[in-house]
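Report on one structure; see the data block that follows.
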């Protein structure tokens, strides 16, 4: 199969993965309207082509906090990444580090912090949910800091899990889910051998380390669901800001008022995110929400964005709308499932090449030159 885009990697991943895993990463909440709008609204944002601008060389690097990135891209935290390829978090982290961008390890990863640190050193970020079990939160913060992690992505848009109807149909949850997953593995022998057998253990590495017992896939939804805390408020989180001495990014901001409160909280950055359309269906796409948030807090916070990004053109669009850098989640998992570490590295190269072409044809030489002037229709969502 010829692979030349994220969409090609998605097709390859669908063929290789058991349905319960493919639809877990591919699906959204409820009717998936927000998930579809994330992508569609980005495509509706036209770039402004300029000619004869003398763009001899394009610089894709950018400064983010105290890091210089080769690209304004970060691999987003994705739970259970290690179920998509053998020790998937390690493979994705290696690809990211080789390409000069950060990898963000999910707190509900298969590979624990120590395993990723052994593979790539301290060159990764760590993500954490707000959970009732404060002991677990403190434990993983201490272990990530001891491993050299200095950037924490704190997910704040998941006080309760979204209703993901696809999961019940695919076998991730619902009646006879365990049996259905076993049957699916039998008809996907490559995955069954390479990941199902050779990729063990399949527990939640960070949780198992804390509890000193294995938390397998069957227990994943129950453990996580029992630990979400919808009663949480800003004041309840102050201990985390006081405890964590590195950079802290709040992930899940969709409203300018919440972005302003993030400043008061002491955040160093935010991720404008609707969780890839996997939480509350019917909310704004991130590319629509981004300009108002950027206008409100751009001078005070580093702004990242995710959801719907499938190409380097989309990265340029998001930066033009006010982002400093972009996180990609589904896209890299498709590539990981299809071709492992090499697939993720190739995908990052595809994004880089697409960005170079887009920047050349819009007449900009560096990331800092991408502005609303790079768009032909910056006000398309206001019409």
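Including glycine, each Cβ sits where the backbone N, Cα and C put it.
Because the structure is a prediction, the values reported are computed rather than measured.
The active site, proton acceptor annotation in Swiss-Prot covers 275. Per Swiss-Prot, the feature substrate binding site maps to 24, 129, 164, 278; the stated evidence is sequence analysis. Sequence annotations record features per position, and here Swiss-Prot assigns FMN binding site to 106, 127, 155, 251, 306-330. Taken from Swiss-Prot, the feature domain 'FMN hydroxy acid dehydrogenase' covers 1-380, and the record attributes it to sequence analysis.
Sequence features annotated in Swiss-Prot and their locations in the structure.
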residue : record                       : contacts (Cβ under 8 Å, 6+ apart)
106     : FMN binding site             : 77, 78, 79, 80, 81, 89, 127
129     : substrate binding site       : 107, 108, 155, 158, 224, 227, 228
164     : substrate binding site       : 24, 27, 28, 29, 278
275     : active site, proton acceptor : 157, 158, 162, 252, 307
306     : FMN binding site             : 76, 251, 271, 272, 273, 276, 286, 326, 327, 328, 329
310     : FMN binding site             : 5, 6, 7, 39, 42, 331
314     : FMN binding site             : 42, 308, 326
318     : FMN binding site             : 42, 286, 287, 290, 305, 309, 326
330     : FMN binding site             : 10, 25, 26, 78, 276
Considering every residue in the domain 'FMN hydroxy acid dehydrogenase' (1-380), what is the mean pLDDT value?
94
Which same-chain residues, if any, lie at least 6 apart from residue 322 (FMN binding site) yet have Cβ under 8 Å of it:
290, 291, 293, 294, 295, 298, 303, 372
Please work out the number of neighbouring Cβ atoms within 10 Å of the Cβ of residue 278 (substrate binding site), leaving out its own Cβ.
25
Need the DSSP three-state call for residue 129 (substrate binding site) to compare against my parser.
strand
Within 10 Å of its Cβ, which one of these binding-site residues (24, 326) has the largest number of other Cβ atoms?
326
Distance in Å spanning the most remote Cα pair of 24, 129, 164, 278, given for substrate:
19
Indicate whether residue 326 (FMN binding site) is helix, strand or coil by DSSP.
strand
